[in-house]
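According to Swiss-Prot, the protein carries these features:
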ACT_SITE  PRO2  active site, schiff-base intermediate with DNA
ACT_SITE  GLU3  active site, proton donor
ACT_SITE  LYS58  active site, proton donor
ACT_SITE  ARG274  active site, proton donor
BINDING   HIS97, ARG120, ARG165  DNA binding site
ZN_FING   250-284  zinc finger
Amino acid sequence: MPELPEVEVTRRGLLPHVVGRRIADVTVRHRGLRWPVEDDLEARLAGRLVRRIERRGKYLLLECVDEATDDAGWLLVHLGMTGTLRVLPDAPPAGAHDHLDLVLDDAGGSRIVLRFRDPRRFGAVLWSPLSEAMLPGHPLLRGLGIEPFDSHFDGSWLHRHTRGRSAAIKTVLLAGNIVVGVGNIYASESLFRAGIRPTTPAGRLSLARCERLAQSVRETLAQAIERGGSTLRDFVGSDGASGYFQLECFVYDRAGEPCKVCGTPVRQIVQGQRSTFYCTHCQH
């Protein structure tokens with residue numbers, strides 16, 4: 001499943017190709033995604049200029065403006081479990097899992113295609129007419145926690161928001177209502193770097209341990225973005241390139257292999273129907 005690094009890699013890859021282009025045409029082949037694509041999406045988007053591309057958690061947010069009226073809205077895109085957004089120089093024949101195309105023109109008349117592909121159809125492409133000020137109140141966004149690269153996210157924030165929480169710290173990280181984007185791979189890796197066992201009740205973490213964890217979360221996610229994300233099966237960036245952070249994982253998907261730090265076999269358990277990997281010697 002694409003997590004925060006994969007979504008951010010996609011966003012950065014789209015920026016130089018998509019921002020400043022006008023939507024000349026929209027083709028929706030399959031509306032049955034996680035939430036149905038609106039019947040009038042084509043009419044809403046046609047002729048609008050893509051002014052910005054932002055990210056909130058695992059959502060990509062494309063601001064699309066009608067230049068004649070300065071009316072702006074947002075295209076919300078979630079990659080689900082297997083989704084990708086590819087920039088294509090032309091429009092090759094669509095495959096069975098290519099659900100939506102945006103045809104984009106620039107001022108010079110050159111044309112590209114932004115193609116949404118999602119074999120399992122757990123992704124989403126939705127239109128919102130909300131203003132920038134109102135967008136945080138969107139039903140899909142209002143319950144999200146702080147961004148891990150926000151200057152306010154630190155050990156004190158994590159410590160304050162985990163008091164009284166008896167759930168395991170990895171489960172709390174995955175919930176996304178305290179801090180967003182720390183998915184399964186990066187939760188296991190962040191906890192390893194912080195030396196914290198994933199089954200530790202979140203409310204029992206000291207301020208010092210929360211400080212280490214907050215730092216580890218930021219460092220792990222930043223490294224993953226630099227490496228182009230993780231490609232376990234389906235993920236590729238907007239240019240079709242695979243990520244390679246998974247090659248540098250300390251514990252994730254390394255059950256039974258020796259810990260890269262101490263040599264103890266990495267242990268695998270299941271938490272909330274998700275696989276967790278950790279070192280019994282390095283994490284306490």
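Cβ atoms here come from the backbone N, Cα and C positions, even for glycine.
What you are looking at is a predicted structure, and each value in this text was computed from that prediction instead of being measured.
In this structure the alpha carbons, written CA, of HIS97 (DNA binding site) and the residue listed as 'active site, schiff-base intermediate with DNA' are 17 Å apart. Broken down by DSSP into helix, strand and coil, the zinc finger (250-284) contains 0 helix, 12 strand, 23 coil. Within the set of active-site residues PRO2, GLU3, LYS58, ARG274, the entry lying nearest in space to ARG165 (DNA binding site) is ARG274 (CA atoms). The Cβ of ARG274 (active site, proton donor) has 14 neighbouring Cβ atoms from other residues within 10 Å, across all protein chains displayed.
Ranking the recorded positions LYS58, HIS97, ARG120, ARG165 by C-beta neighbours within 10 Å puts LYS58 at the top. Among the recorded positions LYS58, ARG120, ARG274, the ones whose Cα sits within 10 Å of the Cα of GLU3 (active site, proton donor) are LYS58.
Candidates LYS58, ARG120, ARG274 (recorded positions) were compared with PRO2 (active site, schiff-base intermediate with DNA); those inside 10 Å Cα-Cα are LYS58.
The active-site residues under consideration are PRO2, GLU3. Their Cβ neighbour counts within 10 Å are lowest for GLU3. Taken residue by residue with DSSP, ARG165 (DNA binding site) is part of neither helix nor strand, so it is coil. Taking only the Cα positions, the spacing between LYS58 (active site, proton donor) and ARG274 (active site, proton donor) is 18 angstrom.
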